[in-house]
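Trainee: For reference, TrEMBL lists these features for the protein:
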- 16-34: transmembrane segment (TRANSMEM)
- 69-89: transmembrane segment (TRANSMEM)
- 125-151: transmembrane segment (TRANSMEM)
- 163-184: transmembrane segment (TRANSMEM)
- 196-214: transmembrane segment (TRANSMEM)
- 258-275: transmembrane segment (TRANSMEM)
- 287-303: transmembrane segment (TRANSMEM)
- 309-326: transmembrane segment (TRANSMEM)
- 333-356: transmembrane segment (TRANSMEM)
- 376-394: transmembrane segment (TRANSMEM)
- 415-436: transmembrane segment (TRANSMEM)
Amino acid sequence: MKTGFNTSFLRREWRIIVANIVVFALAVSGWNYYDVRYFINYWFDYFKEGRLLEIYSGPFRAKVAYPPLAVYLFISTHLIASSIGGVLAVKLIDKLPLIMAFNCIYFILRRRYGSSAGNLWLLNYIGYAIIASFQFDMVAVLFLLMGFIYLTEGRYVKSTIMIVLSALIKQLLAVFFLFIPLILLARRDYRNMAKSIGVAALTASLFTLPFLIYDPWGFINKVVLFHGSRYPQQYSLWALPVYLSWFNLASLPSWLTWVWIIPFTLVLLIVYVDFYRKGAPQDPDVLLIYFTATSILLLLLNKVGNVNYYIWASLFITIYLSSNFPRLPSKLLSLYIFIPLLIGLIAGFFIEFTAAVVGDDILIVEDLNWVSAEQLIALSVGIDSIIYKFIIYIRSSPAFYTLFSILNNGRSISAILITIIYNAYLIYMLILVTHLSRWFKH
């Protein structure tokens, strides 16, 4: 009886079990040292010294590019992890919120949208990459998913809280909140609209007000102005001039750092106006279309095209695909699997890995800083890792070294091609979604 139960359980849950084996292996394998060093050597050190409120008041290069909830989240887990000790234990405990969010999203998707949605989530490479590198987006999209579900159910206060919490980790996700007051405004439910706005302000204030009171300029400078002054990076269309200039930022006009905000704002306004003019429908299928389209537009128009940002859109693309399989092109599933691999794994190989093999530097655009690709990989995954040993092995072969030197010299070309393919996919998905929106309209 017990054996039968175990067999049945394994047969039913083998996908999430295998996924978690991969997740836990990735969790202890390393992280993105370039970012994590700020979390440990700056955020956590300030906390230990009793200077928590000064975190946003430090020098400009001491980055705190995230809103406070991300800071609180890391400090809480690292406080436990550092008391236990051991490199593997620290990495695992620090990443537990990400692992828990990954699993929560899977079970929510499976229960709410069917097993196909859960399976698609597990096939998305970016989720695993986020856990491996240690990005807070996984927790943010869990809150965003809950906010979306609550909104489809008409539970406006809970939806408000969840979406605001997501924005307190990744500030750009705040754009989804405006759908809530627009729905209530269209229904002339001014009381609940005011309540929703008030709850949003209160929720945000609970986390931000201490820092705003202590040093308002420092907080705004780190959370908002830092992002405004950085050049476009990674796989944003706005980053194409960076690659065309062969990473020579000095040759680029300064307006490239801010011009993106004009089309970004205008297009979002068009989306909001279109949503309101249609009566701000609360139908789950229509809301899914608007949330999917908005998340894709965030990636297309944003000047920062970081790999981990793709999880914002892929969450809703997952729901969209699982809900519309019969009406979708058969090759779309292959694209869904391939695109995350392209921007996460393939791009990493052609840009960072090749540079590490030949001992070259890579540009960290946001800091205007060139760093050793080899050193960054060594500090992220360790010199005893398979990846680092593979780098040394390839470098020892004259033939391989020559090949990787050629690939490294073409890094800009690789970045351009990957950026174009990635954004072409996003545009294709946007067209597909908006086409279905006309279908729902009729």
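Keep in mind that glycine also has a Cβ here, set from the backbone N, Cα and C atoms.
Bear in mind that TrEMBL entries carry predicted annotations, made automatically and left uncurated.
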Trainee: Six or more residues out from either end of the transmembrane segment (287-303), which same-chain residues have a Cβ under 8 Å from its Cβ atoms?
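Mentor: Tertiary neighbours of the transmembrane segment (287-303) are 148, 151-152, 172, 175-176, 179, 230-233, 236-239, 257, 260, 263-264, 267-268, 271, 275, 281, 309-310, 312-313, 315-317, 319-320, 323, 423, 426-427, 429-430, 433-434, 436-437, 440.
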Trainee: Count the Cβ pairs between the transmembrane segment (16-34) and the transmembrane segment (125-151) that lie under 8 angstroms and are 6 or more residues apart in sequence, then report whether there are at least 3.
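Mentor: In contact, yes.
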Trainee: For the transmembrane segment (415-436), which partner among 69-89, 258-275, 309-326, 376-394 gives the most CB pairs under 8 Å?
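Mentor: Answer, by Cβ pair count: 309-326.
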Trainee: What residues in the same chain, six or more past the boundaries of the transmembrane segment (258-275), come closer than 8 Å to it by Cβ-Cβ distance?
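Mentor: Same-chain contacts beyond the ends: 175, 178-179, 182, 228, 232, 238, 290, 293-294, 297, 301-303.
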